[in-house]
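*Asks:* Before we start, here is the structure in question, set down as structure tokens.
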């Protein structure tokens, strides 16, 4: 018995290690493409202008020492050993840290949060008590929750990091591809290659962005082999250069050479740090792409292959340059000059492929982070296309893709050299790292509940290193570093304006929601005719009835026999489990057939197509009726109490022992499997003018029994589902009142209105079928310094 148990445990262990090693191999193409191509341009950017390569080799040795310790301290110690542990239920990145802080302290910027959201399985990680154990942590939590201005600062800090990631999505493809193509300079005259590099780089970039709509899963299997081949190639070349040119170059790893470097170069050496900084470009991807892999797989890939390969590559370049002091040709200090002449063309091809892979990873990461911003109400609505049915993280955003392409081509053509591209890219990279360091210090105290001295030590140690590099990058403002600042400023203004307008619209909806008592005063039929079908009234409110409903009732002679107030919202967790997707309850007495359904998504979840979503929605209402767990006769306006009388219900796939829905032709029979234990509720037969019609049936378990009222309610729901579903949307347009400040008029009347007109309509972002969508409104409301106009345009009937 014991031997069998031991064999089984060994088998499970072998399988788990096999999975980890497979993920580590796959992570090479997704996580490390950008970091692994940095040897193409680090030395060239460092020696571009501020320092010169001399016969004493003090500059080369000093730069190599800085590269070694920067790679060791930042990617290895900071990210691999510390930051990777700050995952949000397996997800990483700037928003993951912000999400953790939002759940441990009430600093969330989402306006429609509920207490019920805190009961989600993934809301509390490992059942840790959210109350800080130390006095400083308690005071910090209290201070953040009390002062709204601190919450806004925290949000803006997160958005700054996000905007710099987007800026890096513009600059990384440009510098990676341009540096890879620069290998052509050694095969032609200097006055000729500058007319070849830029066109070739632009053609490759256009092709890269043009292929984005196919998705990375179509060519993803090539990513890991390309990066693996590149890493083995640069490490082998580096080892050859060390042994052939200068076996004693390892001595330059001593920190003493950093001191000698600064002593000789002084201000020029400090300014050259902006080029050295590029050696850690792409380190943030280890944390940002954590959700696609695992901590252990990323650690294994970096420590066993990526880190030693990069160290050998940089040491090899330094060994070659230490024996070659040809300063007459400024491009003779780049990567390709250290490659043996016979291998330059093969290495050039591999380098271009590796640069494309690294660019692909940052582009995909940009799509992902913009989706997160949009789901949290911090970015205008965009069209999100899921390019893979199996991997949820692979998405494509057409508008962002073409904007990135144009910006990438602009900086490539405008700069035309790695020096200014490096200055721009370096500032974007180090800013993101500084934001991560600041957020991590709060996570250490509030989430990990560690001592404040540990958090201060983390900030002081890594913050000092990054601040040194940041100052060296910022001093190059006029030499290219202004680009990421300009890009980040534009995207930050866009996000802040959209977020401000979204919050004001939600505050208007809350202040003008209709009282339940007004609804009950309309009588048992609500004072108007009920027609067949289900009406889904989309609202941002999680409690109460939106103002658009009163306008709808007042201006239209009838509405549907079943009405559902549906709220599709994001919660501060990466994923919401399918069994916790819907929060469903009655509004008013059951005979009114009014329901509220709150659909919860994580910031990394994606919305289903409309047909599957409709089935899940109807099933959740049917399960609510069957369970009978919510039977209050009067609804309450208090959102806290309303949470208590709503039921958590999963999608159809999670109803293993609950109610199921079947849609088939009228003449078809139900599946024979399990009919002895199931009972079906269906609508009475209806003849529809010789048209084929689908019949809807609810198949429910025999036990527990349901009462007559519930049976009647289910039967009416089947009739409504067969008749069809109509989506009812209310649009509000915001304008600043006369007498408002110039800044508010500029933000609302110009900025927000421009973004609203040029962003996707809710029917696109919510995947609503246009053939069954109704938009209603046409009222003016004053709220504070703003005027809200609810506009009405009827698209079509169902």
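Any Cβ shown, glycine's included, is placed from N, Cα and C.
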*Asks:* Quick check on the annotations: TrEMBL lists transmembrane segment for one of 127-146, 247-266, 427-446. Which range is it?
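*Replies:* Within the set 127-146, 247-266, 427-446, TrEMBL attaches transmembrane segment to 427-446.
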*Asks:* In TrEMBL, one of 100-120, 268-288, 520-540, 541-561 is tagged transmembrane segment. Which stretch would that be?
*Replies:* 268-288
*Asks:* Looking at 221-243, 566-588, 589-611, which one is transmembrane segment according to TrEMBL?
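*Replies:* Range annotated as transmembrane segment by TrEMBL: 221-243.
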*Asks:* Take the C-beta pairs under 8 A between the transmembrane segment (195-214) and each of 60-81, 300-323, 391-415. Which stretch has the highest count?
*Replies:* 391-415
*Asks:* Between the transmembrane segment (60-81) and the stretches 221-243, 300-323, 391-415, 427-446, 453-475, work out which stretch tops the count of Cβ pairs under 8 Å.
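*Replies:* The listed stretch sharing the most Cβ pairs with the transmembrane segment (60-81) is 300-323.
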*Asks:* Please check if the transmembrane segment (268-288) comes into contact with the transmembrane segment (391-415), where contact means 3 or more CB pairs closer than 8 Å and the residues in each pair are separated by 6 or more positions.
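*Replies:* No; fewer than 3 Cβ pairs under 8 Å.
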*Asks:* If you count every Cβ pair below 8 Å, which range out of 153-175, 300-323, 391-415, 453-475, 481-501 shares the most with the transmembrane segment (427-446)?
*Replies:* 453-475
*Asks:* Select the range from 153-175, 300-323, 343-370, 453-475 that forms the most Cβ-Cβ pairs under 8 Å with the transmembrane segment (481-501).
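*Replies:* Stretch with maximum Cβ contacts: 153-175.
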*Asks:* Note the mean pLDDT of the domain 'K+ potassium transporter C-terminal' (533-780), expressed as a whole number.
*Replies:* 71
*Asks:* Who are the long-range neighbours of the transmembrane segment (343-370) in its own chain, taking Cβ under 8 Å and residues 6 or more past its ends?
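*Replies:* Distal contacts: 29-31, 33-37, 40, 93-95, 162, 165-166, 168-169, 172-173, 176-177, 179-181, 183-184, 186-187, 204-205, 208-209, 212, 216, 222-223, 226-227, 229-230, 233, 237, 282, 285, 288-289, 335-336, 379, 382, 393-397, 400-401, 404, 604.
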*Asks:* Looking at 153-175, 221-243, 453-475, which one has the highest count of Cβ pairs under 8 angstroms to the transmembrane segment (391-415)?
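*Replies:* So the stretch in question is 153-175.
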